[in-house]
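**Q** Relevant sequence annotations retrieved from TrEMBL are reproduced here:
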DOMAIN    40-138  domain 'SRCR'
DISULFID  C108-C118  disulfide bond
DOMAIN    141-240  domain 'SRCR'
DISULFID  C209-C219  disulfide bond
DOMAIN    245-332  domain 'SRCR'
DISULFID  C307-C317  disulfide bond
Amino acid sequence: MELLILVNHKTTAVRITELLSSSVLTTVFSSLLFTAELSVRLVNGTTSCSGTVEVFNEGEWSGLCSRLWDMKDVNVVCRDLSCGNPVAESRGPLFEDGRRGVTLYSSCYGNESSIRQCDIIGGRGVCDGGYYHHVTCSESVRLVGGAGFCSGRVEVKSNQSWASVCEADFDRQDAEVVCGELGCGAPAALQGGLYGEGEGQTWDKEFQCKGKESLLLDCDTSDRKHNTCLPGNAVGLTCSEPDDVRLVGGDSRCAGGVEWYDQGEWRTVGADGDQEAVAVVVCRQMGCGSTVSALPGNTTRGIRVSCSGSESSLRECLRSYDLLPGLTVICSDLLVQPDIFLTDSMGGVFRGHQGPEMFRGYNFTITCSTQPQYPGGSFLLTFTGSNRTQPAVNHSAAFLFPAADDSHQGNYSCVYDNYVFSHNFSSESELLSLTITGN
């Protein structure tokens, strides 16, 4: 038998290839009724925008125990309840075995205004083996129009409506509070008009956060110094992605087995389906460049993750808790950035306005070094007009230059190369600008 049901607020389509019993029709029409009356709430939370997800079905509120659930669905729940951004989603075991609840198979894109608008197949059933979903949404601040949950135009809830914040009324300390409240990392970009203009009102106060507050509305405020907020000045904020993913066992923060900090502990991550897509998200979230390889590891119980590859962080991917092989990821930015510095034994170098300066005729040495990450490797010293290569000995190499003259003036950099994990990797230092001056 093949059964396909697609339900949303505009269309209802049912295709039954082979109908074996009237009980199938009962299931179909129960699904249609389920969608028509579906409502959602959060209970037993610390705020009105946090708690365990329950849906109203067949005249009563029941726990939601679907396994197919991700942050796109959470985003719709937050919006449905007039809350802000999704901050966290966790899963807890059922309160009691055999408790009846609602198993919901939903497909939300994340931009729906209500869970009723998602494509849904579901109904009442026993939740044995399932999990309840605990959701935390921000209560009074959100980011709108960004690429993920950690970027967008800053909006504050005021009298049950959302108001944009003017750039002049918002600074980096305010941004630190917002990023922390939304479960993101540190602020990365703050600029007026970065994510467009709001359609509603503008917040009428100036924030005066110290940067350590838990919530934006815990900050002091003062009357605005400006009467109006000019077009293009609605503040946009980009926070770094949350620091809840790590790679372990690879002697680099950009290589190793994937772990995700979930419900108070680090859990092994395995890929459900496309390993490369999950690896792309991991490398992107950690700021480790592109993916070099993704391989299955040891089989363990952890978090099964399914990503499309376009997500900003793992928390935007679909996940469940199952026994599966862990995932080992190697990213392109495997090697730490090497250091470059200049020394001389004759006192011919001194600090100038634009960097180090060297007297003509004096000997000098440029040293390249890196942290003791992997053995071996080599350093390529690049500078104006010439390149020189030396093997790395004790993770460093010294390049001697006798009798400085005008040909030695220019920009120098160290490139560290090493062959590890069956691939070639390289990392380049900052530039050192050297000026050659009179005797």
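Placed from the backbone N, Cα and C atoms, the Cβ positions cover glycine too.
Small disclaimer: the values here were computed from a predicted structure and weren't measured.
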**Q** Please report the distance from the Cα of C118 (disulfide bond) to the Cα of C317 (disulfide bond), rounded to the nearest angstrom.
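**A** Here the two Cα atoms are 17 Å apart.
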**Q** Same-chain residues six or more away whose CB lies under 8 A from the CB of C219 (disulfide bond)?
**A** D174, V177, F207, Q208, C209, K210, E213
**Q** Give the residue counts of the domain 'SRCR' (141-240) per reduced DSSP state, in the order helix, strand, coil.
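**A** For the domain 'SRCR' (141-240), the helix, strand and coil counts are 16 helix, 39 strand, 45 coil.
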**Q** Report the member of C209, C307 (the disulfide-bonded residues) whose C-beta atom has the most other C-beta atoms within 10 angstroms.
**A** C307
**Q** Across all protein chains in the structure, which of the disulfide-bonded residues C108, C317 has the highest Cβ count within 10 Å?
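**A** Its Cβ has the most other Cβ atoms within 10 Å: C317.
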